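According to TrEMBL, the protein carries these features:
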| type | residues | note |
| --- | --- | --- |
| BINDING | HIS45, HIS110, ASP200, HIS204 | Mn(2+) binding site |
| DOMAIN | 23-117 | domain 'Manganese/iron superoxide dismutase N-terminal' |
| DOMAIN | 129-232 | domain 'Manganese/iron superoxide dismutase C-terminal' |
| SIGNAL | 1-17 | signal peptide |
Amino acid sequence: MLTSVVLLAFTVICVQSQTALVLPPLPYAYSALEPVLSEHLMRLHHDKHFDTYTKKTNEALKTIMVDTSANEQLKELAKKPLEEILHDVLHLPEQYQFALRHNGGGYYNHKLFFSMLKAPTATAAENKPTGALLEAIEKSFGSFDKFRELFSAASVNLFGSGWVWLYIDAQTHKLVLNFTANQDNPIMFDKNHVVLLGIDVWEHAYYPVYENRRSEYIDNFWRIVNWPFVAQLYTEGTTKRADL
């Protein structure tokens with residue numbers, strides 16, 4: 001009996017040592033992105049989909065902590081910040097990899113995504129970056145318009161569900177465009193990638209407003225990009241990495 005009590009106490013301590021993820025509130029009103037994204041869509045996307053990723057990630061992490069077959073290295077990883085877990089997610093045991101890759105990735109992606117958005121400008125042409133970020137985009141893609149054209153084309157043509165990303169490549173130190181399927185993201189493949197911008201092209205991100213007109217959603221996306229936030233990510237990323 002004493003052994004059972006001690007084991008139970010140890011299990012409770014382990015579970016409590018994992019800080020649960022919380023659903024962050026939108027940094028603006030649900031209606032702030034209208035008419036590009038409706039209040040109805042934002043409530044579904046944030047309160048339903050994002051909340052589900054949050055809850056299922058927490059469930060997966062708690063399951064690891066009470067799994068008697070899980071080694072201490074895995075349990076120690078489960079206590080770390082989500083970003084560090086995602087760096088190693090492709091090396092996790094299969095029974096945890098899918099849950100954390102999909103739901104943990106979904107949490108990380110959406111937390112970034114909603115902060116990358118702001119109230120729309122009247123036209124896409126009115127909304128563009130400035131300063132060092134603009135210079136970096138022009139250096140990598142020739143012009144901002146060319147970058148936007150390439151990013152939009154990749155987003156329209158991505159088959160199925162996933163994301164298109166702008167990030168600083170850890171190996172080349174240049175800005176690159178790439179895509180990931182489902183809820184994958186660049187940091188899963190190299191922890192030193194610096195993510196700057198992403199667009200969610202899962203149907204739940206646009207279907208309530210645009211139905212099957214993904215290209216229209218992408219055209220309007222440029223009106224709501226929060227370039228000051230993207231520029232902050234660029235500055236923070238290049239400040240931390242002396243080689244960038």
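Backbone N, Cα and C define each Cβ position, glycine as well.
Long-range C-beta contacts of HIS110 (Mn(2+) binding site), restricted to its own chain and to partners at least six residues apart, with a cutoff below 8 Å, comprise HIS45, HIS46, HIS49, PHE50, TYR53, ASP200. Neighbouring residues of the recorded Mn(2+) site, listed in sequence order and excluding HIS45, HIS110, ASP200, HIS204, comprise HIS46, HIS49, PHE50, PHE113, TRP202, ALA205 (Cβ within 8 Å of the Cβ centroid).
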